[in-house]
Structure formats: C-alpha cells, structure tokens
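As written in TrEMBL, here are the features:
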BINDING   Asn83, Arg84, His178, Ala179, Tyr180, Asp245  beta-D-galactose binding site
ACT_SITE  His178  active site, proton donor
ACT_SITE  Glu309  active site, proton acceptor
Amino acid sequence: MTEVRREVFGQMPQEEGGGVVEKFILKSDSVKVEILSLGCIIAALETKDRDGKFSDVVLGFDTLEGYTRKHPFFGAIVGRVANRIAKGRFTVEGKEYQLFLNNGPNSLHGGARGFDKVLWSPQVVPNGICFFRLSPDGEEGYPGDLQVWVTYTLSGGELAINYRAQTSKITPVSLTNHAYFNLAGQGSRDIYDHEISIQADSYLPVDDTKIPTGEVATVQGTGFDLRQPVELGKHLQKFHLDGFDHNFCLEQAPARRLVARACHPPTGRAMEVHTTQPGIQFYTGNNLDGSLKGKGAIAYPKHSAFCLETQNWPDAVNKPHFPSALLRPGEEYNHTTYFLFSTA
C-alpha cells in the first residue's frame, strides 16, 4: 500500500491571489514523491540506488518562493498546450485565436500564466492524489471552459500520471509533466554518464525558433536514432549536438507502451517511461545556465538534467498532418503516462 500524507507547504503571495499551497507525500517501499497543489508540481522524487540508498532525482526548490519566481517549469503540469505554438496563433472553425508570446515569436507551455502557475483543488484518492481545475473560456486566449483532472498514483516503483479534460468549445489540449531528472541525484553536475533510449523511428526537425518544420524525418543514420541505448555525453560529442529539444514520434496506438528508458550505470538507477501519448519531447536542459540555485542552494548548470515529456506533437494545431490536438464538446481527453523506477 502507498502511504499518502498532506501538509502545508506555504502561502501564495497576495498579488497571486494568496491561497494555501499544500504538499502531498506519496510513499511506497521504493519511491517517495512530493507533489504541490501549485501547478501539480513534482517537488521531490526519491528512489533507491543498487545499494538501497535513497536520493532525490528531480530538480526543484526547497521553498515555495523558488516556485513562485520565474523558473523553467520544474516538475510542473503545463497546459493547456504543452510545447510551442507558432506565432501563438491558431484557427478553429474559421476563427483565429491569438495567444500570449512568451518564447520569442511563439507561445510556450500555455502562455503567461499557464497551468504551472495556478493553484489546483486537491482530493486524496487511493494510493494518490487527484487535482482539479476549471480553466475558464478565454484564459490565456484559449476557447472554451476546460475542466481538467490530473491524478498521480504511486504503486511500488511506478508513478502514474493520468490526465483528463472536457471542454465546452473546440479547443487544443496537450498536457504533460515537465519534471527534470538526474538519476545520479539532483544537483549532480551533468547527465553525460546516463544511458538513454527512445523507441521512435522518426522525429520532428525544427526551425531556429524550435517550431517543427512539418517534416517527419526518419531517425535512421542520424544522431536522433536512440532506439538502442546511447551514453549521452559521448553521443552528443559524436554527432556534434548541443543537446536535444525535439519531439520523437511514437507508434500511434491507444494502448500503454514502453517509449523511453534512462539508466545511470554508476548508481544502477533506471527509469522507464510508458505512455498512451503520440509524442515524447526529449530535452537535455540546454537552457539551464547555472544562474538558478535549487535545492540545498546548488546551482543547476547546462545539461544537469533531462526531461522526457509525453505529449502531442508541438504546433499540431497548425499542422493538419500531425495527430489532432483538438478536443471537442462531448469528448474526453484521457491520457496516462507511467514512470517506472528500478535498479539495474
């Protein structure tokens, strides 16, 4: 059985509407997760190494203040639409919508005040916690009242995140969790000694503002072929890559499937990602620059963590040949992603 505890983590600043932020602690025999009601943020995730020693493997902050200031979405749920929408514009049923531009010429992760920056209503459920919020019609420029439920459940070494949404008008929806992992333990210098594999035959090349060009390119013979495990540091060097910030195209199937694996041979920690989503964004913390100090006042430099964000393909709302990102009234958006922690 998973133990679920709740405690007060802090109070939102008055200019953010005040409100108490709670922390929920889910604990099994092999994993301990701490999740905040602000942004449904995974604030800590402790898992064992091969000697049975627990370490926290996600980047973040010790106090609420870190999360209320600008940060790169550490551990948060992002939406309504994860990733980038070109020029922050899209058209639904002949009507054009303009979103806030917060990433150069584009809109990123829901806009100025996305799902990561708001308080959610929590409810304890068996082995976990369910967060709910209503995103009102017009919030951040998106159409329709959107009801959203995000449920975290912990079972042994498996953390499942289920996302559900229902809308009153046709609207794009793509939700993900933006946890930054380092299996050596958060605060470790880099992720170069991690082994990564992603079960994808194709990926999306991007332009210089990180918007997909529209091409669905084969990984065969490129640095994006991660179908067999690669040691990250050596792989980046070999292919002269500055890092990854790309969507990998997964097999289109509604069933749960294994899509990625990360392993840290020195500690034996391993993590599998299973999902029902059509894409996974592999990001290697390229924009971390050491200026942010996280837990224990440790600086987080470039490539000190990786993200494996399961989601729809970026800018899908503007690319008719990508999997549809539109949710219609009477339908339900329902996806689950599973993080499986073990030791090798």
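Here the Cβ of each residue, glycine as well, is placed from N, Cα and C on the backbone.
All annotation found in TrEMBL is predicted automatically rather than curated by experts.
Sequence features, as recorded in TrEMBL, placed on the structure.
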residue	record	Cβ within 10 Å
Asn83	beta-D-galactose binding site	29
Arg84	beta-D-galactose binding site	25
His178	beta-D-galactose binding site	22
Ala179	beta-D-galactose binding site	25
Tyr180	beta-D-galactose binding site	25
Asp245	beta-D-galactose binding site	18
Glu309	active site, proton acceptor	24
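Here the C-alpha separation of Tyr180 (beta-D-galactose binding site) and Glu309 (active site, proton acceptor) works out to 10 Å. A straight line from the CA of the residue listed as 'active site, proton acceptor' to the CA of Asn83 (beta-D-galactose binding site) spans 9 Å.
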